[in-house]
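Student: Let me give you the structure first, and then I'll get to my questions.
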Amino acid sequence: MAGILPPPPGYEPLPFGVPDKESDGSPPAQAGEARAHVSAAKLNGGFHGSRLAENESELQQQEEVAEESSGQLDILIRQDPALFEPLPWSKLYSLYFVCGSDAAVLMVIAPFLPEFCEKALGISPRNVGSAAGLISSAYSFANGFASPYVGHWSDLYGRKPVLLFGLLTSFVTTLTFAFCTKLWQATLCRGITGLLNSNFSVARAFLADVTRNTSPNDRASAFGYLGATWGVSRLLSASVAGATVGITLAFLPGSLGTNNYLMPCIFVSLLQCASFIVALVFLPETSPQTSRNDEACRKETDGQEMSAVQHLNSKHVKNSAEQPRRSSPSSILSRCSHLRAVGGWPLVGLICINALHSFANGANLLIMVLIWSLAAEHGGYGFGASLTSFAFAVFGLLGLVFQLASFSHLSMRLGARKVYSLGCFLLVLGSFTIAFGHVPLTRLSVGNPRWWATLMAILLPNSIGFMLGLPVLGGILSNSVPTDVQGLTQGVAQLFAQIGRCAGPLVCGLLFSASVAHARPWWSFVVIAVLYMICGSLAFMLPERYDRQYVEEHS
């Protein structure tokens with residue numbers, strides 16, 4: 001009887017399929033006792049009766065009954081919130097801080113980019129939109145190219161080294177950007193930044209690692225907070241960067257002391273240094289391949305009961321560990337094909353939705369800045385760098401208040417798919433409020449209470465929509481695949497997302513310049529509103545199981 005070991009001393013097996021004499025036979029009444037026996041039995045080679053089977057047919061019959069009971073118990077465990085582990089907040093806070101600093105790298109140039117193109121790079125005003133789109137796209141293009149490789153390497157060699165390397169390189173390249181005087185220099189600098197830093201996809205894989213034993217609602221909240229941290233930090237850092245434009249450091253020699261764009265870049269670089277220290281000291285290694293989680297599960301259950309959700313997840317980890325490593329970095333294309341086999345066509349659809357939404361988000365953030373800085377007589381808001389930074393601050397604060405006050409309740413009530421679809425609807429609405437918001441705003445005096453109230457009303461739909469968009473979609477994507485390919489999945493999704501985020505600013509930047517020439521700057525907003533509508537509709541049609549964490553039966 002290969003694989004069958006004798007039971008431990010004092011172990012009396014649970015007679016699966018036979019109702020207890022003191023109960024009505026319903027599975028919930030036996031969940032606690034059954035969990036203990038499931039753990040003990042599985043650790044000793046499989047389910048078996050009180051005596052060794054005398055022949056193969058009897059053994060096979062016993063195993064079939066045991067597996068059926070195990071499946072029923074798995075359902076009970078998934079439905080009982082008390083059996084899940086709490087969120088590891090100490091790890092999450094450190095990860096959120098790292099992601100926040102990374103978001104600052106992406107958005108540090110946003111408030112002053114039109115002015116930077118015109119004054120530092122010598123771009124004519126009519127071509128500012130195209131130049132700004134090219135610079136913004138360079139980061140996304142390079143980041144998208146590198147993301148699947150970086151995500152795959154994080155599966156093989158660990159999340160932490162990849163995060164640290166990305167933070168270090170961003171520190172150097174962000175400082176360098178302030179000294180660019182040609183369009184090709186600025187484009188190359190942002191391209192190198194994106195190529196060497198794919199931390200957001202690795203961070204999502206890290207988050208999937210540390211939340212795999214938590215409840216579906218907690219897991220969704222953790223991904224929501226990650227996206228919220230990214231979004232709010234991105235916008236608040238942009239506001240701080242915009243507020244520091246023009247502050248020169250006169251004590252520095254030569255052109256360093258007169259550079260109007262050096263201070264924002266120094267601010268974000270110092271933030272990268274702080275994040276590097278936090279990641280180095282407080283973030284553990286979580287990659288299943290690196291930390292050997294299957295071995296840790298066995299050690300953890302040596303002499304004590306395995307937790308219910310650890311038991312369920314360890315089944316998949318064990319199965320993954322028993323298989324040879326699927327590929328090496330040189331065979332990443334074959335691993336991308338393997339993702340479709342694991343997640344099916346819904347996973348392919350999710351990656352496409354992620355890319356389309358990223359296209360719209362990248363375009364949205366750029367054309368918001370462009371229409372804010374466009375003169376009022378041309379259909380814009382007439383904001384300078386300072387007012388643009390304040391608009392970003394309002395944008396971020398509105399999203400933060402919503403995230404803290406309502407996100408968890410909304411996620412628990414509606415589920416991830418419906419929450420994401422709601423976010424897309426709000427982004428559609430927000431596209432139109434920003435496109436035509438200059439009409440009431442320019443009739444009011446800047447800074448008075450009615451002006452601020454009107455600005456907040458214009459930005460509110462987009463602010464909430466950003467919080468309910470890609471952050472929630474990242475959680476749905478994580479629910480679609482097992483733990484051993486989380487890094488690769490997030491990396492591939494990031495590849496196509498960055499292609500979309502690269503094309504979005506480039507295409508809509510050109511479209512914005514053309515629409516301004518025809519006195520219709522709102523054209524670009526209509527385009528992204530249609531894209532958001534498509535994303536929300538496709539996500540709403542996904543199977544309901546993507547609201548919950550991946551289990552092997554999904555495949």
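Just so it is clear, glycine is given a Cβ too, placed from its N, Cα and C backbone atoms.
Just so you know, TrEMBL annotations never went through curation; they're auto-generated.
Because the structure is a prediction, the values reported are computed rather than measured.
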Student: Please identify the range among 1-37, 112-148, 186-222 that TrEMBL labels region 'Disordered'.
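Tutor: My reading of TrEMBL: the region 'Disordered' range is 1-37.
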Student: Should the transmembrane segment (347-375) and the transmembrane segment (522-542) be scored as in contact, given a threshold of at least 3 Cβ pairs under 8 Å and pairs 6 or more apart?
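Tutor: With 3 or more qualifying Cβ pairs, these stretches touch.
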Student: Which residues of the same chain, at least 6 past either end of the transmembrane segment (381-407), have a Cβ under 8 Å from a Cβ in it?
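Tutor: Same-chain contacts beyond the ends: 107, 110-112, 115, 221, 224-225, 228, 231-236, 238-243, 245-246, 369, 371-375, 437-438, 441-442, 446, 452, 455-456, 459-460, 462-464, 466-468.
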Student: Taking residues 6+ outside the transmembrane segment (522-542), which of them lie with a CB under 8 Å of any CB in it?
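Tutor: Same-chain residues near the transmembrane segment (522-542) but 6 or more away: 346, 349-350, 352-353, 356-357, 359-360, 363-364, 367, 379, 417-418, 420-425, 427-428, 431-432, 434-436, 465, 473, 476, 504, 508, 511-512, 514-515.
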